[in-house]
Amino acid sequence: ERFLQAAESTISPYSWERYDCIVLPPAFAYGGMENPNAVTLTPTLIVGNRMQVDVLLHELAHSWAGNLTTNADWRSFFLNESFCVYLERLVLQVVHGQEEGPAHRGFSYIMGAKALRDSREGFKDTPRFQRLVPVYEPGEDPDDAFSSVPYEGGSNLLLYIENLVGGLDNFLPYVRAYFHTYYDRSINVEEWKAHLLSYFSSSPELSQKIKDNVDFDAWLHGEGVELPVDMTPYYNDTLARAAWALAARWAAFDDGNKKDFGRKDIEAFNASQIVVFLEKLHSGPDVPPAVVKKLDEVYNFSESNDGEILLRFYEVALEVEAGKFAKKAAAWVQTVGRMKYVRPIYRALNRVDRELAVKTFEEARDFYHPICRALLQKDLGLS
């Protein structure tokens, strides 16, 4: 109820009759699915630390972005997800209040930036899927392009324009006008751009700022790993600093300072900060096997019941060794079907122990959702 009230105060009154949530079996392939009146959720969200409430906010935001205003074609899919992520993080800011809210919103963008980079790097061989507006060949399945790109790339474009026009005082009225104008309608990317420019044409100064600074071709059709603009100055990094500092300490780990690490290091962290700590380690030089072992001895990450933490720890561990952590990761992905978790783990297993990866998949293939199964087959080169 608190989330719904915050969303209504941010966007507009909720248009659907009710908001029920249904938790599906572990094989469910998504974090959530925004069915009107009855959102379906993965049981991996229930971990006891409330870290994954963002998923609930995301599906709630789809009550506007996607369910009321819908992409008219698959190339415009980012309009659903970019506005949804943007709204999700905006409502998160409202929920946490004026003092702490901006830090939580910025922290979500920092976490999303890593997911965006990973997705774009994964499409190096198919750069047309690195685009915000992807190019599909005749008969191609849009699921082949499913990634963080439409979510994070598009929400960063909206955040950039928000800052460009002077912040929420000027941008939030546009967002509300967008959903009012396209209420119960479908829209494509060209219509969205035309509406954006038309809305801000009433202010010559803001209109000119957008025209001078937003390279729509680069944002919408650009390929490569990097965004057209360095977005890091726009992220509030208050909550990330402690996680980055701990990652820097572990990067300098040696026998001389190994006693300096203990469970106390992360006692004040929330689960998201642990995720960012592990992501920072993963994005740096490979962590030696001895350090991975020590990392798990100190923090016991491999025994976590939080899929977000398990995923990031196994990504760090499987960069450098295929021992017990590969077997533990393989056992884990036979019990969950959420693609956010299983696809990166299978790709990592495939790099370090292809035989184990294929064996694990063949044993569990009938457990997975058909979409998940088909994408895993492609990831493993089994199609």
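Just so you know, glycine gets a Cβ as well, placed from its N, Cα and C.
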Candidate sharing the Zn(2+) site with HIS58, HIS62 (per TrEMBL), from GLU81, GLU99: GLU81
Cα-Cα distance linking GLU59 (active site, proton acceptor) and GLU81 (Zn(2+) binding site), given in Å to the nearest integer: 10
Other residues, Cβ within 8 Å of HIS58, HIS62, GLU81 Cβ centroid (Zn(2+) site): GLU34, GLU59, ALA61, ALA65, GLY66, ASN80, CYS84, VAL85, GLU88, TYR151
Separation of alpha carbons, TYR151 (active site, proton donor) and HIS62 (Zn(2+) binding site) (Å): 12
Integer average pLDDT (0 to 100) for the domain 'Peptidase M1 leukotriene A4 hydrolase/aminopeptidase C-terminal' (238-380): 94
Residue pair TYR151 (active site, proton donor), HIS58 (Zn(2+) binding site) - Cα distance, angstrom, rounded: 11
DSSP-derived class (H/G/I helix, E/B strand, else coil) of GLU59 (active site, proton acceptor): helix
